[in-house]
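J.: One structure, as structure tokens, below. Some questions next.
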Amino acid sequence: MELLTYPNKILEKKSESVEKIDANLLKLAADMKKLLKTIDGIGLAAPQIGKNTRLCVVGYYYKDKDDNKKAKEDSPDIPELILINPEITWKTKKQIIEKEGCLSFPGIEYNIARPEKLHCRYINQQGKKQKIKARGLMARALMHEVDHLNGTLIKDRKIQ
Ligand SMILES: [Zn+2]
């Protein structure tokens, strides 16, 4: 699995909704989660590995001294999640401006405004509808990943 970087055209295409959760989709999600654990990021969207499918993974991992990757215990704000067809259903008008990077823009960070809090609806691997309330870094991560599924990238959001 290869991580695509800008200006790959796939990154700017709107992704298709998942109609059926089958073995292929679950394999793709598992592979994305595995890849995320090996890189320094908190989220990965399917277009970043060449699939225009509305699927993303989030999670906060770090490398411990034995070189194992595991979820960072002191960061409960970023739970390990696989999100299928995620949708932002509510967000605060209040936005927070912070530096934000993207695995598809290596070494680049832009100032980007994101809502302070939001609600996100998605389908989990079992096909169940879920809703989460997020704030801060998690809200930023979810906005970032949903942007990817719409073909919107950090260069489109940057504040001068
Ligand atoms: Zn990104």
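Cβ from N, Cα, C; glycine included.
Note that the structure is a prediction, hence the values are computed from the model and not measured.
Pulled from TrEMBL, these are the listed features:
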ACT_SITE  E145  active site
BINDING   C102, H144, H148  Fe cation binding site
J.: What's the CA-CA gap between E145 (active site) and C102 (Fe cation binding site) in angstrom, rounded?
T.: 10
J.: Quick check: which same-chain residues outside C102, H144, H148 lie with their CB within 8 A of the centre of the Fe cation site CB atoms?
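T.: So the additional residues around the site are G43, A45, Q48, L103, S104, E145, D147, L153, I154.
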J.: According to DSSP, collapsed to three classes, what secondary structure does H144 (Fe cation binding site) have?
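T.: Note: H144 (Fe cation binding site) is helical by DSSP.
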J.: Please work out the number of neighbouring Cβ atoms within 10 Å of the Cβ of the residue listed as 'active site', leaving out its own Cβ.
T.: 24
J.: Around C102 (Fe cation binding site), how many other CB atoms lie within 10 A of its CB?
T.: 23
